[in-house]
Amino acid sequence: MSKKIIVSFMSLSVFVATLAVSGCGPAGNNTAPAPTTGAGTTGTGLKVGLVTDIGGLNDNGFNHLAYVGLTKAEQKLGAAGKVVQSKQATDYVPNLTYFASHGYNLVIAVGFLMHDAVEQVAQQYPNIKFMIIDDVITNRSNVVSAVFQSEQAGYLAGAMAGLIQKGHSLPNLNSQNIVGVVGGQPSPPVDSYIAGFQQGFKREDPTGKVLVTYTDSFTDTALGAQYAQNEMSQGADIIFPVAGGCGLGVISAVQAANKYAIGVDTNQSYLAPKNVIVSATKGVDTSVYDVVQSVKNNTFKSGVDTFGLKQNGVGITAPMQGVPQSIVSQVNQLKQDIIDGKIHISTTVQK
Amino acid sequence: MSVLANPQLWFATLAMATPLALPAIGGTFSERSGVVNIAMEGIMLIGAFFAVAFSYWTNSAWLGLLFGMLMGGVISAIFAWAAIRLAADQVVLGMAVNIFAAGLTAFLLDTVFGFNGTPANTPSLPTVHLPWLKSMPFLSGVFNDQSVLVYIMIVIVIVSHWFLFYTRLGLRIRSVGENPLAADTAGLSVSRLRYTGVIIGGLLSALGGAYLSIGILHSFDVNMTNGRGYIALAAMIFGKWTPFGAFGASLLFGFATALGIALQSFNVSSNLLGMLPYVLTILALAGLVGRSTPPAADGIPYEQHR
């Protein structure tokens, strides 16, 4: 008898512990930053829910950036924010529904992986406003889509890589002039970066070579490291990961081999300060903040919001130490040319 | 085939086989003693997380490895206690450990290290470079600069085989997995031997997890095992519950992953190549290896009759 009681007690406690850890309301990991405003219904009372994709908040990338934008909106706009991290694709609909059904004014879905889920939930809750990042939804009057001209950021990063390869401007580069890209899944937000990178590189180093592989994963860090090693074995010594958390493995491998990487989405130089040449950034934080503000000021507009170099929605960070000033100024010139519309960049990856 | 002659392919095969072989052999120990263990995935995550955490706190990757394995041992001891002493259903228990470990490590990562993840200056285990391999470029390309855990894994494969099949303790562990009543009658402590099997399994699974976090990387990521514990389960069955078999099966899965990476340079669709390891799993289990029979008392709790 006693054994049975202990067993049921144990299973119960494990169950409870799991619930406590994973959060019981919506599926996935529940993180609730303390709302800065008091009661939810009085005052501004703006409630914003953020749903990450499977990359999670510690992807050192765009999920994290969305959270940064939300935090800023909490502090400056007095919004009450809440984050739910999705553990798997089947969490998207319940997580979005959770916020929509609990009277949140704005529900933010991070990532194109949530396209179908947002379309579905936005239709069910026509009075709730939705924002999707990195994806285009135009057939819903309550959805705003934030898209980024990542090809522009990729172009600048590629041009910098090309100039560095052509001039052998950093130590420990081989003479093969090969750079590599490790993508997650072939998809518009990933491919626009890659396409821009290819064109920027080819402009500055037309005889050089860009290797492109896809890991088919945004989460498998160890696998990313193997992809990087594979490209390095083919002679690549600057690698651009566009694969979310999986790309962190690329940076690790590059660091171990004393080669170079280019950061993506956010400034990733802190991951390997001597190896990350520059980061191609995407202003997910800015876009989140802007949309929260538009909801607050009743200026919310559905449709597509495009963020490019012009709007400071994409860009590149200051390069690491050792990159020659002449290269930096050439890249800055290219940036100006893109803003002025003198350079047209395609979003299609060259095979 | 230029692909097969490229040492990088075999380098990646070995590197990707290691995090499968270690838990697969761990599972072999557990199941040989008669306890079904599907908790490898969870124990790997525990090992991976605590290896990084302690590696950072002590500033020594080796101490990190030790503590990571220790935590894997602790969680598997709890698992063993519930499975052996309380005679709980082992499959349900294993699943509980997996879900619990996934939640716990994600929770601890966020609360202890915050959303920026584990610090970038966390030390990792060294790689091994054998200068005398230089005259053989192919072997040098395959074996040089692998993590030290790859070499430890190879030693563990051999030692495990010797331990399970050529030592008295190994024989005893196998005997309680085949016929616990007979072993009990002969005066062996069934529960103690089963504890030994499960805890060795936990240590090895945690080692496999630590390989991912501080062997090839130096960071922890939520759910970073990515189902490798389950593939290891398949490798254990496919390897017919023997260390060499588990190692061979892991090499096959590692090869499938490595081939997927290598073939991308030939413009083969990445979606198709991503399937390769799983297709091989199904093919292997569907008949390539013939019938594989688990230990006779695997999964059956033993109640002592006095």
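Any Cβ shown, glycine's included, is placed from N, Cα and C.
Over in TrEMBL, the protein carries these features:
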- B:6-26: transmembrane segment (TRANSMEM)
- B:38-57: transmembrane segment (TRANSMEM)
- B:63-84: transmembrane segment (TRANSMEM)
- B:91-109: transmembrane segment (TRANSMEM)
- B:148-166: transmembrane segment (TRANSMEM)
- B:198-218: transmembrane segment (TRANSMEM)
- B:230-263: transmembrane segment (TRANSMEM)
- B:270-289: transmembrane segment (TRANSMEM)
Contact yes or no, the transmembrane segment (B:6-26) and the transmembrane segment (B:270-289), 3+ Cβ pairs under 8 Å, gap 6+: no
Leading contact stretch, B:63-84, B:91-109, B:270-289 vs the transmembrane segment (B:230-263) - CB distance under 8 Å: B:270-289
Distal contacts, the transmembrane segment (B:270-289) - CB-CB under 8 A, six or more residues away: 231, 234, 237-238, 240, 249, 252-253, 256-257, 259-261, 263-264
Outside the transmembrane segment (B:91-109), six or more residues from its ends: residues with CB under 8 Å to it: 36-39, 41-43, 45-46, 48-49, 53, 75, 79, 82-83, 117-118, 220, 222-223, 229, 299
